[in-house]
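Notes follow once the structure below has been shown.
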């Protein structure tokens, strides 16, 4: 047994232990950060109503409950910012007087059995005083019961240092820290892994879908996610029961637990599931480009499921990143308000975590479906359709050669990562390349706007007159929003994060003049945009590879070369030609003498470095 534990499985046990500790630390940091977001950005509307409502106010127990957060019933006013009750009490106290202590229902508080201001131990159940003190205590208890907030707890490690944590200060406090680390890891495994996994396992057994889940090769992860979904619905049911029974403290705790589970599931969908869907869709639409079939991809997935899923997730993340970069470039050219259906990352009020907290689930589902439709349609238009046209018109050009010999020093994965992480970022980070792209977009926009009489709609640089059909927006445009003051000292992580998120960039909606036959012009605009995207994609798939093949064949002959080499070579050659063309275009107006002087300076500089 000793040899089995310490000889055969030592490395794997160390790896799994480090992984569990890392997950525990990340989960703890995420929970603390989410708590700060709820405190400084405000919780969901239904949760704040339950916390701030009057104790004797009669209302429907389903008004503003978690059900509203699911289906969107009830009012949709912006949620009020969460207020720290201790700060309110300190502000209401007269000058020179300390604020009365408030029972927060936490360890160390006056009502929970802790240490008072004078250092004496205060018990959880105090003996009522004579006269009006009993009435006052009853009123204070009722008020404290209404103001009770399970996330209002003081930080217990304000003065904690690394020396004290590791025991380098000569004390034995680190033994207590070791105990807490082991206890928290055990609690983490039990609460966040063991219970959701078994709840999901029982659910799968009841639905009789074990065989389907097992075929995914990720039965543990899928089962755990199913368990979390069941936990979320269970929290909704328990919250409703507590609302009927008017158990405010339990209802508050269940509401916060539901918010935590909801944000966790939405983060998994946004960061994990959506890029994975994009990666697989890109692979499916490009099968004919590499002369592959779905059976080949299925065999690859069964042979190495983890590697296959990671590669597709990585490709999907790169695709989402470049799509978002292109949208940001479009916002610099187009009129503010044209891309109203896409989230503006430059909006100072944009905070994805706050949206996950406040918006109901059905709105997140609607956004997810809209994103899948937009990204999927773009892949069909710019990848699947051009590949079909290339195979019909340029016979023999496809498929791309991506097979390597067994003794090749690099693999296909490393070459793909080289192209995605080195070649493309090197091109896009060039200031001239970004300037060219922006100039091309503006030139196309001006041409289409002149053709369709949509310049006011697309660019917004046309003066508006009284007799025009003007469309006004609900918010003015702020090209330079006012600077956000820094957070107050001691405001916490959430306030600092809120101040950090306040960025710049044009936001809002700019008024424009609506021409006649507006809807027909918009349809024609969409048609021109699709044709342009298709033509640009067709050119980018053919031209760099064709040029790279011709250049590489000059010294490689008829040997088969990986298409990533030819594409990178052709891409750099095309970029070099464009760069030389722009330089000559800027120099020709200066005259022949200036060009000769510049060439002479370059020759002297090169000669100096050579010799």
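Note that Cβ sites are derived from N, Cα and C of the backbone, with glycine treated the same way.
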Seminar exercise, completed: Which range of 31-89, 90-148 is region 'Disordered' in TrEMBL? It is 90-148
Problem set entry | Of the residue ranges 202-224, 225-247, the one that TrEMBL records as transmembrane segment | 225-247
Exercise. Pick from 259-282, 283-306: which stretch is listed in TrEMBL under transmembrane segment?
Worked result: 259-282
Seminar exercise, completed: Among 178-199, 332-353, TrEMBL marks as transmembrane the stretch 178-199
Exercise. Under an 8 Å Cβ to Cβ limit, what residues of the same chain, 6 or more beyond the ends of the transmembrane segment (522-547), are close to it?
Worked result: 289, 378, 381-383, 385-387, 389-390, 394, 397, 400, 444, 448, 451-452, 454, 563, 566-567, 569-571, 573-574
Seminar exercise, completed: Lying 6 or more residues past either end of the transmembrane segment (368-390) yet within Cβ distance under 8 Å of it, the residues of that chain are 269, 274, 277-278, 281-282, 285-286, 288-289, 319-320, 323, 341, 397-398, 530, 533-534, 536-538, 541-542
Seminar exercise, completed: Among 178-199, 259-282, 310-330, the most Cβ pairs under 8 Å with the transmembrane segment (14-34) come from 178-199
